[in-house]
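> Please find one structure pasted underneath; my questions will follow.
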Amino acid sequence: QNLPGNDNSTATLCLGHHAVPNGTLVKTITNDQIEVTNATELVQSSSTGRICDSPHRILDGKNCTLIDALLGDPHCDGFQNEKWDLFVERSKAFSNCYPYDVPDYASLRSLVASSGTLEFINEGFNWTGVTQSGGSYACKRGSDNSFFSRLNWLYESESKYPVLNVTMPNNGNFDKLYIWGVHHPSTDKEQTNLYVRASGRVTVSTKRSQQTIIPNIGSRPWVRGLSSRISIYWTIVKPGDILLINSNGNLIAPRGYFKIRTGKSSIMRSDAPIGTCSSECITPNGSIPNDKPXQNVNKITYGACPKYVKQNTLKLATGMRNVPEKQTRGIFGAIAGFIENGWEGMXXGWYGFRHQNSEGTGQAADLKSTQAAIDQINGKLNRVIEKTNEKFHQIEKEFSEVEGRIQDLEKYVEDTKIDLWSYNAELLVALENQHTIDLTDSEMNKLFEKTRRQLRENAEDMGNGCFKIYHKCDNACIGSIRNGTYDHDVYRDEALNNRFQIKGVELKXGYKDWILWISFAISCFLLCVVLLGFIMVXCQKGNIRCNICI
């Protein structure tokens, strides 16, 4: 490309930055849409569609809920003593044993899920005077009537049901979880047939708590051929405490205890398949990468996950302001510096030089300023991800119907947190983008000022990011300017002489222009005088007559 006004005694040096034909629009504090050469998406908006089995230990509940597996529903026997980091409950899960309810279902489910194990220890409870291991046709184990494997249904023996008083100390150094229940017969006859007395009572106590349950006799909706129910309760016995069970009927007794562990295990409802892959972050939609600071896939997560935001996209600028190179630059096709536009095709760096001298034209990148900008931008992305990745999981929130107001409050708090974080994320990205553009502009200005200080009076700033050098500057001379070893004293006298000669020519060309304008003005004036004289002579001789009508 030709830089006009050059000859063998001068040279032109332009400074510029790279550009791309089609940049990416990002948001800054001062501008909703500004084009940059490159940007990185910060919001993960899609999942893999499957739950990865590594590095977390995933336990697929299949047809069983966690509570059914805990109680020992016959079709969930395969889950006995299992362990997990994440228990995945399926929508197809069902109960296939005696119909039951858990008054504090959500709390029990959460407690067992966070423990991460169904490890069970049998204990030798002494149930004297009653029949043990009752079963039901509604709970088949194979072809036999059966019951929950972790519970012991006690009923009359020889038409007697004595008052039961059983104690079990906790001599271990861990918490014990006991699951027990109360049977609610559908009729008074069923009550007396099973427990002799017309009304039973169950009391379970520790040093810290006591629960007394009176059975509610009455018919309920039929489930698996039964209108009676079992209510499931649970008691935690601390180390050094004692479990005391007192009952005169209707007791569904524990067979032992579950070990309670403290951990970060959890449970998630999902129908996504489990695949052989690795991902730190899991959502009900499937696993997602956690290399981005934010995600828009699902509010519920497990593992080290990006924060959930409402935005579908947030782009972090990882390049400089993009000013595409103009395809034509006047009739001479001259290039310009960074003030007018960027340069496309500069692959070796972000900033660089273009020159024209007696040896031709050339281009070279400035690696030092390029590296300075890249180092600062690379640090940005890593810091944003580091600050925003969750190191814990967002569990599902469940409440019973009687806790509806608490559920509404929880939902409001969660929605407010999401709104707040979404706003903060957008603001953070806008601030970082503004800083990125400012720092890349700053590196360009630093390089330009560094070049200006080297050239001093040997060159003139052309106002477009270029310098007109007033001495002969071959490729070696241009190279010294680029690498900072240029000695302006060596070329000072030559530059001053050339500058005066060139300015003198420009001055003479300026006088010529003035003379041309003055000559044109005088010619026009004389033409007007001649025309006016002709009109006056003609009027005197009567050749021209003017009539004025009023």
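Including glycine, each Cβ sits where the backbone N, Cα and C put it.
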> If you follow Swiss-Prot, the disulfide involving C52 connects it to which of the following: C97, C139, C277, C281?
C277
> Please give me the recorded positions out of N8, C64, C97, N126, C139, C477 that lie within 10 Å of N165 (N-linked glycosylation site), comparing Cα atoms only.
N126
> Provide the three-state secondary structure of C277 (disulfide bond) computed with DSSP.
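SS state of C277 (disulfide bond) = strand.
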> For C477 (disulfide bond), which DSSP three-state class applies?
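DSSP assigns C477 (disulfide bond) to helix.
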> Tell me which of the glycosylation sites N22, N126, N285, N483 ends up closest to C277 (disulfide bond) in space, Cα to Cα.
N285
> Considering Cα atoms only, can you say which of N8, N22, N38, C52 is the nearest neighbour of C477 (disulfide bond) among these recorded positions?
N8
> Going along the chain, which residues six or more apart from C97 (disulfide bond) have their CB under 8 A from its CB?
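Expected: D68, L71, D73, P74, S136, A138, C139, S146, F147, F148.
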> Can you check how the pLDDT averages out over the topological domain 'Extracellular' (1-514)?
88
